[in-house]
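In TrEMBL this protein carries:
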- 39-285: domain 'G-protein coupled receptors family 1 profile' (DOMAIN)
- 26-50: transmembrane segment (TRANSMEM)
- 96-121: transmembrane segment (TRANSMEM)
- 142-166: transmembrane segment (TRANSMEM)
- 191-222: transmembrane segment (TRANSMEM)
- 234-256: transmembrane segment (TRANSMEM)
- 268-287: transmembrane segment (TRANSMEM)
Amino acid sequence: MEKINNVTEFVFWGLTQNFKVEKVCFVVFSFFYSVILLGNLLIMLTVYVGNLFKSPMYFFLTYLSFVDICYSSVTAPKMITDLLAKTKTISYVGCMLQLFAAHFLGCTEIFILTVMAYDRYVAICKPLHYMTIVDRERCNKMLLGTWLGGFLHSIIQVALVVQLPFCGPNEIDHYFCDIHPLLKLACTDTYVVGVVVIANSGTITLVSFVILLISYTVILLSLRKQSAEGRRKALSTCGSHIAVVIIFFGPCTFMYMRPDTTFSEDKMVALFYTVITPMLNPLIYTLRNAEVKNAMKKLWSRRVFWEAKGQ
């Protein structure tokens, strides 16, 4: 069928149709987005000022915080402003760009979390060879691989959508442009596209999740040979990683490891990996990591010293 595209813009239904609830959500999510920006920027600043950047774990943690800021910024600002708008619209081109950026950064985050699990595996299970296995050159290559992997995944998703005809209606029951709601609006059979989407997004999510489970299982089993202090430090570090993985991968699995269907719960589930996880990451890594807390104390002490010196 020849592509017929009469749609120049899409209309979001948003989180709710209740204006009073929208005003409450505006305040809540504005606060959440502020925490995302400030929290992740604080993590990046702490790693830099505390001279932790040389450590592979904090090298990847810095880029995780950077991706969290970018990832949440793809959807959160638009969602927040739409909460006070009567008509929530986005252009066709803007929708495709949002789809690309959301999947690019979301997939990159999945790969960074996987690489961080590998880093912890080497650090705990092969500590004597850690600095030679996970050196700076290999860290750079793994980081480049996460970006390239995210780009390849996203470009496939967008290529599947842009070739579909949209001839109306143009209303999306969501707060941002995602693959399943868009497939629902296409005026053609999207069964094959839906299968490819599951094969693409679902496989990446499932394989990464399985790799993470195996990595942390091996790590936890190896801790039996560690001293009590070693177990405590390892569990403190890995505990934060495991918490992030569960919060992030649970909703992603629900969204992309299923047939091409949409549910009313999709918007609430999507909030977990677009807003909640980027907000919780700094809190989880700060509260569960003694080294980060010490570096923050040094950063605060230095700030207090500068203020005292300036008076």
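Using N, Cα and C of the backbone, Cβ positions are placed for all residues, glycine too.
Contact check: the transmembrane segment (268-287) against the transmembrane segment (191-222) gives fewer than three Cβ pairs closer than 8 Å, residues 6 or more apart, which falls short of the contact criterion. For the transmembrane segment (234-256), the list of distant contacts is 57, 106, 109-110, 113, 116-117, 120, 124, 178, 180, 197-198, 201-202, 205-206, 208-209, 212, 216, 219-220, 223, 226, 266, 269-270, 272-273, 276-277, 280-281, 284-285, 287-290: same-chain residues at least six beyond its ends, Cβ to Cβ under 8 Å.
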